[in-house]
């Protein structure tokens, strides 16, 4: 995301009603997001407790003595005393995060990009102090994560969907020949049926499955549109049709990490 546009886009998002703000050390926009949050608190639009802010621990800070300092860096940039949720960005042991919660720097801790096997390893670990509250993964109509979602629900772990609209198609992460999700004719047909955009159909699909969905945009009209996801509902038949689009296709594969023993995408789910 271009840093120059992030602050204004975040302000608009807060103004129109978004409260879940997803950040990460690796995104390199926490300072800009923090300026927007502080501005909207100062002008009375929101209180700190109205905002649910997430950040993530990147892989270069996995040594136990570095974990808290990474979070403290993020908090300084965000102009916050704590984050509501702190995630491990890539699969490693959750235990290294416990001190951040104990210190009051994170209200809850969770994971990102974990597969079922990796989640089970954490859940079955002797002496587990805090179960991860969520698992944030790529999830959209082309990769609906049905099996992983069912598993997470069975363990009372919330599934959070990133790339729910098919990503921003940044060249360093996404194959430019990959299909454009919002151009899918099935999404288009349902959008026409409900008099909504394909993006709103894709977002609503996730909500009705019990998935917490993240929507990313820098355009004011799209930000304002995306919050309208609560104004309509998909039918049971609509949901079945959208389920049929699944092809287990990932936009973000982290191929540079494919040789890592913790690489999560080699498993079925």
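Backbone N, Cα and C define each Cβ position, glycine as well.
Automated prediction, rather than curation, is the source of TrEMBL annotations.
Annotated in TrEMBL:
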type     : residues : note
ACT_SITE : 27       : active site, proton donor
BINDING  : 89       : substrate binding site
DOMAIN   : 4-246    : domain 'NADP-dependent oxidoreductase'
SITE     : 56       : site 'Lowers pKa of active site Tyr'
Fill in: Among 27, 89 [recorded positions], residue with fewest other Cβ within 10 Å
27
Worksheet item: Taking the domain 'NADP-dependent oxidoreductase' (4-246) alone, what is its mean pLDDT?
Response: 95
